[in-house]
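Student: According to TrEMBL:
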ACT_SITE  83  active site, charge relay system
ACT_SITE  158  active site, charge relay system
ACT_SITE  182  active site, acyl-ester intermediate
DOMAIN    29-471  domain 'Amidase'
């Protein structure tokens, strides 16, 4: 455990401003804790790169500014880890793939720039499923990450390294990316908070593309307030991202404690099927009772096209992945296979040797779905069903629903290796989370209990650009959970 263990961003900020803790000491303690976690057997496997002495000068600069009483950003001196598919200038951006091993980005993601401007120290890059394709963090070319709650189990994916780092108390805040649940599902598995903002709320500039119409950057934190603070820092229009929204950015921390009195919470019957794990359902029903006890009204609703969500998600995501990953050919980007004697051989051998099995599976499926004669039948149909899924949510919100509650995942963290040979079961891990990506809605996972000591997360989904209500409801659940 580091100096950050169990301490919120706000608590660290108070300690730093009050002189009870220096940025330099906090940085050194964080480095030592990360090194210890990496040295353990088995290793946590949460990190792919850790910053060295290059941060010392910045830490000393922040200490001088704090001593002088200067007004600093909300993350001044706070150590933050960044998922390794988000570009940074210091350190490689590998996407967990051999094909980008040692790749150094010539520019930095807008979200990372804004964290630095707020005073954050980027201390590490975290492990992930290769190019964000996976639900267990076992598809990394550099080995799996493990769940700090139980090292024999997965941390979830694809942002498993970020969730594990926060859950282990090594950093109070980390960035992930969410394409079909990749922030929320690992947050659920590791017992932390994971927020997927509205599509367009946080700039995608510098996020290595997997499925461009679905994915976005989101924070993983130990507390709801810390996730809200990170969103305050990162949100807002960015001219470098054509999908960035010009929507008004409120102070997401301002009304966290406003409660849920008078809000109507939708409970979709499709997310509570007959075969849902009884323990998951029981924890979810208890969370709904907490919301009701805090003044919210519960109403059962129907989102009828949910049954098509997984098929639709993988049609769209794989098609976009096959297009986005075409650039990695051994010529323009990344690793080149040695000894190839022709251009076609360079392409074939570099992609064949550089990509892992799951990425190649998805490229093949996506290419088929985009091929002549099948584009409309597969990708086109997927986009039409996607609009139906989005319309289900719109009807619910138009009918007076303020926020929707579901389980985050149908299971708790499963054992390492348990699903590697069963991709369908692996894909079904996204069954409750992918719909928010398909509809472009904000969603959060917050801890609501445990089953045999393994964390269970509850998911709250809100209207477009209404992260504030989602965060308010999550804050209520967090306080109820902490009171027990």
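Each residue, glycine too, has its Cβ placed from N, Cα and C.
In TrEMBL, annotation is done automatically, which means it is predicted and not curated.
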Student: What whole-number Å value do you get for the CA-CA distance of residue 182 (active site, acyl-ester intermediate) and residue 83 (active site, charge relay system)?
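Tutor: About 11 Å separates the two Cα atoms.
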Student: For residue 158 (active site, charge relay system), write down the residues of its own chain that are at least 6 apart in sequence and whose Cβ falls under 8 Å from its Cβ; none is a fine answer.
Tutor: 128, 129, 132, 133, 134, 135, 137, 139, 176, 177, 179, 182, 186
Student: What residue among the active-site residues 83, 182 has the most other CB atoms lying within 10 A of its CB?
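Tutor: The largest 10 Å Cβ neighbour count belongs to 182.
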Student: With H, G and I counted as helix, E and B as strand and the rest as coil, say where DSSP puts residue 158 (active site, charge relay system).
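Tutor: It is coil.
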